[in-house]
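Taken from Swiss-Prot as is:
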DOMAIN    26-151  domain 'AB hydrolase-1'
ACT_SITE  Asp104  active site, nucleophile
BINDING   Arg105, Arg108, His149, Trp150, Tyr212  fluoroacetate binding site
SITE      Asp128  site 'Important for enzyme activity'
ACT_SITE  His271  active site, proton acceptor
Amino acid sequence: MFEGFERRLVDVGDVTINCVVGGSGPALLLLHGFPQNLHMWARVAPLLANEYTVVCADLRGYGGSSKPVGAPDHANYSFRAMASDQRELMRTLGFERFHLVGHDRGGRTGHRMALDHPDSVLSLAVLDIIPTYVMFEEVDRFVARAYWHWYFLQQPAPYPEKVIGADPDTFYEGCLFGWGATGADGFDPEQLEEYRKQWRDPAAIHGSCCDYRAGGTIDFELDHGDLGRQVQCPALVFSGSAGLMHSLFEMQVVWAPRLANMRFASLPGGHFFVDRFPDDTARILREFLSDARSGIHQTERRES
C-alpha cells in the first residue's frame with residue numbers, strides 16, 4: 001500500500017505523528033476516523049497524488065502516532081489538540097496552508113482546525129459527520145441507538161478499555177461492518193489487517209476511548225463557545241447515502257449555519273463509503289478541490 005509514498009514520523013511537540021507523504025502540487029491533508037487509521041486512504045491517496053502533495057496522517061491515539069495516557073480533563077485528546085498536532089505536522093513538512101479532507105473523527109478535527117486556524121485551511125471536506133455539538137444536543141431514541149458507542153467509549157477508564165480488550169476484533173468489527181452497511185467483503189484485506197493491528201493494541205484502545213471522552217466534555221464546551229461562527233473557506237459535506245448519519249439528520253440543513261461556502265455530495269454505501277468506492281470518492285474530491293482552488297485564485301486576484 002502507498003507505493004511511491006514516503007513514510008514519516010514527525011515530532012510535533014508532545015506527541016509524534018505517523019504519516020505518509022507522496023505526490024506533487026498543492027498540499028492536501030487526509031485524516032481518518034474511528035475505528036480506522038491512515039490506511040483508509042490507501043486506495044484514494046494515489047488517485048490524488050498526480051495533482052497534490054498528499055499527506056495521510058494518523059491522529060494521536062491511533063495507528064502509528066503517539067498514544068498518551070488521557071489527562072483528567074481530557075484536553076490532550078480534544079479536537080483542538082488533534083488539530084494543533086496536524087497543523088504542526090503540515091508546517092514541519094513545509095506547508096503553511098493546505099486543503100483538508102477528514103472522515104469521521106478526522107472531519108471533526110478538520111472543522112476545529114478551520115475554526116482555530118482559519119489561515120491554515122484553504123478548503124475543508126467533512127465526510128459523513130454532523131457537528132459534535134449537534135450530536136449531543138439533538139439526541140433522540142433513534143440517534144442514541146445508532147450511536148451508542150459515543151456514550152459507552154466515554155465512560156471512565158478503565159471500564160470500556162477492559163470490556164473491549166477482552167475481544168477487540170468482535171467489538172471493532174461490529175462497528176466497522178455494521179456502520180458500513182456491508183460485511184467484510186466491502187473492505188480491502190490489507191487495509192483490514194492494518195485496522196486489526198491497531199484494535200489489538202491496548203494503548204490504541206485507550207486512545208480511542210480518550211478521544212470520545214473529550215468529545216462529550218471539552219469538545220462539546222468548545223463547540224458551544226463557537227456557536228454562530230462560520231468556517232469561511234470552501235467546504236464540502238460528503239456522506240454515504242445508505243448510512244445512519246444520512247438517514248438521521250438533514251446534513252445540509254445542520255451544516256449550513258456553520259459553513260459559509262458549502263456544497264454537498266453523497267455516494268452509495270454507509271459510513272465507510274471511502275473504502276467501498278475509492279474511485280468515486282477521489283473523483284468527487286478532485287472536482288471539489290479544483291473548484292475550491294479556482295475560487296481561491298479569483299479571490300486573491302480581486303484582493304491584489
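The backbone N, Cα and C atoms fix where each Cβ goes, and this holds for glycine too.
Here the features listed in Swiss-Prot are painted onto the structure.
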residue: Asp104; record: active site, nucleophile; contacts (Cβ under 8 Å, 6+ apart): His32, Gly33, Phe34, Gln36, Leu127, Asp128, Ile129, His271
residue: Arg105; record: fluoroacetate binding site; contacts (Cβ under 8 Å, 6+ apart): Leu31, His32, Gly33, Phe34, Leu59, Phe79, Met82, Asp211
residue: Arg108; record: fluoroacetate binding site; contacts (Cβ under 8 Å, 6+ apart): Phe79, Gly102, Val126, Ile129, Pro131, Thr132, Gly215, Asp219
residue: His149; record: fluoroacetate binding site; contacts (Cβ under 8 Å, 6+ apart): Cys175, Tyr212
residue: Trp150; record: fluoroacetate binding site; contacts (Cβ under 8 Å, 6+ apart): Met135, Tyr212, Gly215, Gly216
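Residue annotation for fluoroacetate gives Arg105, Arg108, His149, Trp150, Tyr212. The furthest Cα pair among them is separated by 17 Å. According to DSSP, Trp150 (fluoroacetate binding site) sits within a helical segment. Averaged across the domain 'AB hydrolase-1' (26-151), pLDDT for the predicted model comes to 98. Taking the mean position of the Cβ atoms of Arg105, Arg108, His149, Trp150, Tyr212 as the fluoroacetate site, the remaining same-chain residues with a Cβ inside 8 Å of that point are Phe34, Asp104, Leu153, Asp211, Gly215.
Asp128 (site 'Important for enzyme activity') carries neither a helix nor a strand DSSP state and counts as coil. Taken residue by residue with DSSP, Arg105 (fluoroacetate binding site) is part of a helix.
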